[in-house]
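Contents: one structure, followed by commentary.
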Amino acid sequence: MGKPIVAIVGRPNVGKSTLFNKLAGKRIAIVQDTPGVTRDRIYAEAEWLNYKFTMIDTGGIEPKSEDIIVSQMRRQAQIAIEMANVIIFLVDGKEGLAPADEEVAQMLRKSKKPVVLVVNKIDKLKDENNAYEFYNLGIGDPVTISSSQALGLGDMLDRVVEYFKDDESDGEDDERINIAFIGKPNVGKSSLINKLLGEERLIVSDIPGTTRDSIDSYVDTEFGEFTLIDTAGLRRKSKVKEEIERYSVIRTYASIERADVCILMIDATEGISEQDQKIIGYAHDINKAILVIVNKWDLVEKDDKTMDKFKKELKVNLSFMPYAKYLFISAKTGQRIVKVLQTAKECYDNYTKRVKTGVLNDVISQAIMMKEPPIVGTKRLKIYYVTQIGTKPPTFIFFVNDPACIHFSYQRYLENQLRENFDFQGTGIKLEFRERKEK
């Protein structure tokens, strides 16, 4: 049995993201005093009274708005309601009961899911009376809280976990492969993830930047279990004017940090940009597994040499990571979609690969025989022993006479030898050098 899912729903700006972040213990959703700022579902793991569960923060519901984004947010909330075991219906105790609350309540009653009515922004004891009018919603006794001050959260969670079945409380931590999809706005990240998930999971529209935060989705396939992280598209700084866009840039870097595999998506009709190089360069610098996907390949006029030519140009622009894997797809038509997670899994397998110490030392000894280390100053590097000390990425320690003797060109040679012999395609690897006195 998987972990129970708790969805936090309500009209815009009632404090859902603030509550979500308090419960998650970290800043996950973009929070700003602008209605509609949380535009997509965001997941986080939480625990209360030994019950582990997954929370979903939804975009605010505005049932009568015709705005394209708000209508899609409403659809997202409906999907969250369909998925949830328990729903926290958050309302604003300062503003009081609003017509939109009535309509949200109707949606929730139709869901026939357990609902905990929570009145937020009750910052003082005297404000408790503000909660009484919410009895009119017909959803039961309201719980009063102040999410910004973390007041009343324990009482609220007590009510939530009452609805969990006993056999749902022991969900185990997922051993999932985390994949971050990164790239410029409107390159097709959300469209690809939706294809992989088989549901309209993310806000997809022709408006650049419709994914403003980093969103997690889960999918199980024959190749493994994956967490798919869709990030806000990164723009040049001159174009990033809104405060909210700055948050999203930070979130993209944070998503790369927690990813196992980073997929850089490039628009085949536009090619690679400096911004693409910068963001994937960060993933390279911290030694992530990397897959470069060229999307919208269906829009390119081509012959039998077009793909090779395109790949060569990419490799020139991404020469700092010659190990990256490449895939040409069309998220719109489904071309080569089945290979996306398969190839990502191959990258992950190399990212977590271990090499036996004996075999490793045989390869390095052979490499030294083929190419002796250069003399640096008056010393020649001597390599006594090498061992792998970790994965994610594969990390190797070379015990040598003097780490100062390692020339960058010889270090690159050793890395290439490891790659050629053990197939680390698609992942960064780390080489460290430590001094050891000769016996």
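In case you wondered, yes, glycine gets a Cβ from its N, Cα and C as well.
Taken from Swiss-Prot, the feature domain 'EngA-type G 1' applies to 4-168. Mean per-residue pLDDT, taken over the domain 'EngA-type G 1' (4-168), amounts to 77.
According to Swiss-Prot, the GTP 1 binding site annotation covers 10-17, 57-61, 120-123.
Look at Swiss-Prot and you will find 177-352 tagged as domain 'EngA-type G 2'.
Here Swiss-Prot flags 183-190, 230-234, 295-298 as GTP 2 binding site. In the three-state DSSP scheme, N186 (GTP 2 binding site) is classed as coil.
Helix, strand and coil content of the domain 'KH-like' (353-437), in residues and according to DSSP, is 32 helix, 25 strand, 28 coil. Look at Swiss-Prot and you will find 353-437 tagged as domain 'KH-like', backed by sequence analysis.
Cβ neighbour count within 10 Å across all protein chains ranks T231 highest among the binding-site residues N13, T231. A sphere of 10 angstroms centred on the C-beta of G183 (GTP 2 binding site) encloses 26 other C-beta atoms.
Take the Cα of N13 (GTP 1 binding site) and measure to each of the binding-site residues G183, N186, K189, T231, W297: the nearest one is T231. For the pair K189 (GTP 2 binding site) and K16 (GTP 1 binding site), the C-alpha distance works out to 26 angstrom.
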